[in-house]
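Engineer: Take a look at what TrEMBL says about it:
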- 227-346: domain '3-oxo-5-alpha-steroid 4-dehydrogenase C-terminal' (DOMAIN)
- 1-23: region 'Disordered' (REGION)
- 107-128: transmembrane segment (TRANSMEM)
- 148-167: transmembrane segment (TRANSMEM)
- 188-209: transmembrane segment (TRANSMEM)
- 229-246: transmembrane segment (TRANSMEM)
- 306-327: transmembrane segment (TRANSMEM)
């Protein structure tokens, strides 16, 4: 038989049956890459875990053409009549806008530079006996810098500042090269608060250093000799939590990339692997554990830092709960045993 003419071909069936949550390909009513609910795209500044899970990135296909090759022609025919740009956004391997990367990276750039400077000042004072700059010492006095003795507290603050700086470097790397964000705009208030947060959190750590005038107070000649068992435990917890958070962010990022590592869509699918087998937002849980590791490094009894941990807990728990509700409402086959934030509990 000869080829059927275009005019004689039957109209394609409705597009809705082609795509369902069970198929893993979901389109918003406007065929956009935006997160489904603004609450899932907000900034969680106290933990600032702005991975793709902040707008639950339950994506994992490698593009509609590779997922449903037999149906892509019908889908394209159906959707072109609606909007050519929407078809291109969904069917073609086009990466999302990079403006979100720039927004989130601003926080970590500020944190790396500012907390790196604070770490340099503290190192100069602890190991070389150099005084803090007068303006910085004035800020620390306003924040209530410790004016009492305690060599292990100086080492604790030094280690926590190192952890915070390394954490910021890793998150900056993940923001630029690992995570894939939805197209969301950051409110100017949230943006400013995010910048202020990382400035203040570094000063909070530095204010825990016992001071002797403008110098850090150290008992003995070598601050490293003040190491205690909780310093080692805190360091191990920090490394363990950071490794799991990085792995979770890699899992989330890969859900929106093909095998070559190219971002091809920003749809949503269910992530699996690592801590995702227990909770819906393990990256938030890991963020909390990172801050808890810093509290352990302070020797368990630093009230100021436990206040920071409390704020991080409620911020991350709320974000995890919203993400968990989104997963359950969007995917019929979502694992029933997964909790929102804390394994086996919540």
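From the backbone N, Cα and C atoms, a Cβ is placed for every residue, glycine too.
Caution: TrEMBL annotation is automatic and unverified by curators.
Keep in mind it's a predicted model, so treat the numbers as computed, not measured.
Describe the structural context of each listed feature in the structure shown, including burial, neighbouring residues and relevant distances.
Structural biologist: Across the domain '3-oxo-5-alpha-steroid 4-dehydrogenase C-terminal' (227-346), the model assigns an average pLDDT of 94.
Within the chain, the transmembrane segment (148-167) has long-range Cβ neighbours (under 8 A, six or more residues past its boundaries) at 111-112, 115-116, 118-119, 122-123, 126, 201-202, 205-206, 208-210, 216-220, 223-224, 226-228, 231, 234-235, 238, 242, 290, 293-294, 297-299, 302, 305.
Under 8 Å from some Cβ of the transmembrane segment (229-246) lie the Cβ atoms of residues 49, 152, 155-156, 159, 163, 166-167, 170, 174, 178, 274-275, 282-283, 286-287, 289-290, 292-300, all in the same chain and six or more residues away from its ends.
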